[in-house]
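The annotation domain 'Acyltransferase 3' is assigned in TrEMBL to 5-323. Annotation comment: TrEMBL describes 392-649 as domain 'SGNH'. The transmembrane segment annotation in TrEMBL covers 7-25, 31-52, 72-91, 103-123, 215-235, 242-262, 274-295, 307-323, 343-365.
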Amino acid sequence: MRYRPEIDGLRAVAVLPVILFHAGTPGFGGGFVGVDVFFVVSGYLITSILVADLQGGRFSILTFYERRARRILPALMLTLALSLPVAVAWMTPAQLADFAKALVATGVFASNVLFWMESGYFARAAELNPLLHTWSLAVEEQFYLLFPPLLWLLWRLPRRWLRPALWALAAASFALCQWLMRADASAAFYLAPARGWELLAGALCALAARPGPRAAAPLAALGLGLILAGIALIGPRTPFPSTWALLPVLGTVLVILGAGPGNAAGRLLATRPLVAIGLISYSAYLLHQPILAFARLRSGTTLSEPAMLGLALASLPLAWLSWRFVEAPFRGRVPRLLPDQALLLSVSAASLAAVVGLGLGGHVARGWWHERFPRIAAIERAAAPADPELTCSFGQRIDPEAAAACLARAGPRAAVLLGDSHAAAIAEAFHAEARARGLVPVSFHHNGCFPVPGFVRLPLEDRRHRSCERFKRTAFAALEEAGGPVVVMTRWALNLESRHFDNGLGGREQGRPVEIAAIAADGDPARDADLALVAEHRLRALAARHALLLIGPFPEAGWNVPELVAGRLRRGVEVERLGTGKDRFRERNARVHALFAALSPSPRIGVVEIASLFCESAPDGLCLNYDHGRLYYRDDDHPTAIAARMIATRALDALDARRQAAR
């Protein structure tokens, strides 16, 4: 096919926003849509080549996969080869185990499936995963495992069926994507069937007639505008890939069809700087994420924006070296390296097998790493979440009959715990301590679910919202049978502030933005409502039916405490204590404490203060995260078993006191 420099320029428009997004550069919160641009461009280029081969009678599956291997594997193998020794030198055993899993998944082009399976509530921060970006390569390779044979079959049918068949497949994939956005948004993001419509959009471009010069210019300009609008308007809070994905996808389609030397958009994209970046875009995409992730892992804290930007830009000269000395020798009409097809495919298979073998070896070596670093092993054991089989402990799906039976058996001796993942974190300790006091524990907990009626987590389309609402309805109905106060533990500050915690010491909590809203009288979210005031009214109404004992805020850390401590120990840095400022805790929880002060006069509502268990008495003291071997946090905000026992004991002391006062 004829070389189009504007397509390389389009690759630059795709890769630069992705790199800047991963670096946390302000103004590029929607930079991840560059991956969607890549998908469309890839579908267009590959289909153009396949159609040319089919028309010329030279189509060959082996030749196609040889070209894919020459395009994909050299730079990928370089990236993995550079990442592996850094991972071994800098990562803790737990991080290495995750890296090893990612190596295996990358070697079989299934990392998108791995990251989808691990995208749950307690998934490690994406920013620290050096191989996270390989999910898009996996999507493409899974698509190209099926697409060439399918195109070959369709080519043998009457030609008029080809475009309608691809349109039908694209429509089905798009419909699946939109359905999954409601059923499982992570699946919609990571899995190839939900992303296939984007590659098929590019394939349809390859089969479409390009417009004439008069129409091409405005179409190309509009397309470029749509891509830039997607980068500007889409952000981490945007449900994606929803219909919002149409912005970058349709924009790319219009640029491919319309851009050329005869119009401004084509000339802009064909400028030498953009073409140069486009040529190295694949290597830049591969190299930037390990650079950023390892820098974050090494520092243990949040790096400054200028530092991250500098690291991101440093990936470009490295990408040029990769393109010049690794990519280029394997490509071209007469490749300089491994020109024989059979040898190239054999070496490719052996290389992928070696990657898988190294990953599997990493799993086997985890015990050896723990023996070598016993203090780190102790930290990781303390941070491991407990998942005990507790009697009368109900998670996201509550069996109403079983819950009613538990509460009926407990009667007036019930010790009821309600909350989110923080309640789940103390559930084992709460049950054990309650039984030791002759009480009958019953607990209800749902990750990420604010356990107060009339609040929703946005977007409403997210399945977690629907699951949370179902949980609250069932739990509150079951609690009608409760014979005593209900102990409530939740992450108050996050729910009332709708923003993650920054401890001011380099610990800035990572993760998807959280947006909590109150439900207005008309049933719609009231985004501008005073959440603390609404919570006060809703808790008073709830207390009219159930006496409440509210566990106060557990101080947030802002950084992943076990990873930070283990990382420092891994580098030979002694760690005796780690904490965040007490003043920062007070500032973060000002609205929470004001809410509790307003509620405390109510005889039906009690407050259990727990911060003093972890915060020093000095006014300028620390809220301790780690103290001489005692680990209080298993991530950046959830208590470990040690901290959970301290919290549960204080909560049940308060519950006993209320019971005594009521006699």
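Glycine residues also receive a Cβ, built from the backbone N, Cα and C atoms like all the rest.
Keep in mind that TrEMBL annotations are predicted by a computer and have not been checked by a curator.
Owing to the predicted nature of the structure, the values given are computational and were not obtained by experimental measurement.
Spatially, the transmembrane segment (242-262) is not adjacent to the transmembrane segment (307-323); fewer than three Cβ-Cβ distances between them are under 8 Å for residues at least 6 apart in sequence.
Outside the transmembrane segment (103-123) by six or more residues, the chain places 76, 80, 84, 129, 131-132, 134-139, 141-142, 186-187, 189-192, 352-356, 358-360, 362, 385, 421, 447-448, 635 with a CB less than 8 A from a CB of the stretch. The recorded stretches the transmembrane segment (274-295) and the transmembrane segment (343-365) do not share 3+ CB pairs below 8 A when only pairs 6 or more apart in sequence are counted, and are therefore not in contact. Residues 31-35, 37-38, 41, 44-45, 127, 133, 224, 227, 231, 252, 255-256, 259, 268-271, 273-279, 281, 284-285, 288-289, 292, 305, 308-309, 311-312, 315 of the same chain sit 6 or more residues outside the transmembrane segment (7-25) yet have a Cβ under 8 Å from a Cβ within it. Note on the transmembrane segment (307-323): residues 19-20, 22-25, 75, 78, 277, 279-284, 286-288, 291-292, 295 of its chain, located 6 or more positions outside it, place their CB under 8 angstroms from a CB of the stretch.
If one looks beyond the transmembrane segment (343-365) by at least 6 residues along the same chain, the residues whose Cβ comes under 8 Å of a Cβ in the stretch are 62, 65-66, 69-70, 73, 77, 80, 84, 96-97, 99-108, 335. Away from its own ends, the transmembrane segment (72-91) comes close to residues 99, 103, 106, 130-131, 134, 137, 141, 282-283, 286-287, 290, 294, 297-298, 322-323, 326-327, 329-330, 348, 351-352, 355, 358, 567, 570-571 of its chain (Cβ-Cβ under 8 Å, at least six residues beyond either end). Proximity of distant same-chain residues to the transmembrane segment (31-52), defined by a Cβ-Cβ separation under 8 Å and at least 6 residues beyond the stretch ends, is recorded for 1, 7, 10-11, 13-22, 25, 59, 64, 67, 136, 139-140, 144, 147-148, 151, 195, 198-203, 205-207, 227, 230-231, 234, 240-241, 245, 247-249, 251-253, 256, 285.
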